[in-house]
Amino acid sequence: MAATDLERFSNAEPEPRSLSLGGHVGFDSLPDQLVSKSVTQGFSFNILCVGETGIGKSTLMNTLFNTTFETEEASHHEECVRLRPQTYDLQESNVQLKLTIVDAVGFGDQINKDESYRPIVDYIDAQFENYLQEELKIRRSLFDYHDTRIHVCLYFITPTGHSLKSLDLVTMKKLDSKVNIIPIIAKADTISKSELHKFKIKIMGELVSNGVQIYQFPTDDEAVAEINAVMNAHLPFAVVGSTEEVKVGNKLVRARQYPWGVVQVENENHCDFVKLREMLIRVNMEDLREQTHSRHYELYRRCKLEEMGFQDSDGDSQPFSLQETYEAKRKEFLSELQRKEEEMRQMFVNKVKETELELKEKERELHEKFEHLKRLHQEEKRKVEEKRRELEEETNAFNRRKAAVEALQSQALHATSQQPLRKDKDKKKASGWSSIYSVTIP
């Protein structure tokens, strides 16, 4: 026998033996214990309502749970889609239910609807992430944890009677791997029965052709297999919601009053509201919770753990222990860290070299600029010296001309000052001669 066969034989688990009991033991009360524990703990159920503003989401929720939830009026002028969760504590008989209704406010109201699904996907992933973080805690308390994971998405389809909008197809395609989708035709009393039947066939055909996976009521449980198989053929449900009571015959029923007649909400000949309530709440609520945990959440959890480096086995199907996974991830991280450090060091060295080259280039440019300025300075200095010498020569020449002019002026002044003296002397001589002549002549 080969070594691999021996290992396979040694690792194989032995078949359990069936034994008969000699008397009553008591573990047949386990189902009762489980029921008692579940009733004590209570249940949580989270519904996501996706549909255009004013399509009747709040009214249908009030009708489904036969109460009035306090909700705010939604506007048609929302800039983007936002998720508005509201939690309520309900009790029926001795069963407590923590119900969370999440409304996609503003869905389909924007001009650009390309990313309308994004806030919805992000919200669903955020609830998965919160649950995963709670699971990964060393001291976790899932018993007291309020599970906010979306268990079902009621997708409200506008009753156009023609086909699905591209927004509906894109959104459901993005959501089908993350949540259980139950498509419903809202305000089904606005189209005729024949149009409604054709519309249902058209919707299911488009969902199948576009690969959209909606929630199928399970048929593996014999207790509900028959009714679920029948209800699967009625999808999508055409519903009418109303909290008003109208008197029909001798009793009051929830209905919508029109001039042409009355549409009874709980009359299966008028709409599929009763079918939706039975499938969603009475028959398949626990399966929706289970599908959310075992299918959608497990897919999210697996992808997240694989991103973190965890895996069940290697290529040879050998299981990894947590310690082995941790050590492998640690080595991978250290090698990546070392590689990053080497890259950063090399980048630093290259940056230093580039900086040195830039500094040398700047130094060379500055030196050339300095030499250029130095030459300009010397040239300017030479020109200034030449100008100074020319100025000195002109000054000396001016001084010489000035001295010559001053000499001429002094000579002229001296000459002009001598002429009056001569005139005085001549006058005196003339007067002397005249007096002499006057004396001698009687």
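Going from the start of the chain as shown, residues are counted 1 onward.
Cβ atoms are placed via backbone N, Cα and C, with glycine included.
Annotated compositional bias 'Basic and acidic residues' per Swiss-Prot: 1-16, 379-391, in sequence order. Swiss-Prot lists Ser10 with the feature phosphoserine. For 41-307, the entry in Swiss-Prot reads domain 'Septin-type G', with the evidence type sequence analysis. Among the features that Swiss-Prot reports, region 'G1 motif' is placed at 51-58, with the record citing sequence analysis. Annotated GTP binding site per Swiss-Prot: 51-58, Gly106, 187-195, Gly241, Arg256, in sequence order. Feature annotation from Swiss-Prot assigns region 'G3 motif' to 103-106. Marked as coiled coil by Swiss-Prot on the basis of sequence analysis: 320-413. Here Swiss-Prot flags 408-420, 432-442 as compositional bias 'Polar residues'.
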Original post:
So among the binding-site residues Lys57, Lys187, Lys193, who's got the most Cβ atoms within 10 Å?
Top reply: Lys57
Subject >> Residue with minimal Cβ packing [other Cβ atoms within 10 Å] among the binding-site residues Gly51, Gly54, Gly241 >> reply: Gly54
Original post:
Are there residues of the same chain, six or more positions away from Thr190 (GTP binding site), whose CB falls under 8 angstroms from its CB, and which are they?
Top reply: Pro159
Original post:
Does DSSP give Gly51 (GTP binding site) helix, strand or coil?
Top reply: coil
**OP:** Give the three-state DSSP assignment (helix, strand or coil) for Gly241 (GTP binding site).
**Re:** coil
**OP:** Pull the DSSP breakdown for the region 'G3 motif' (103-106) and write it out as helix, strand, coil residue counts.
**Re:** 0 helix, 3 strand, 1 coil
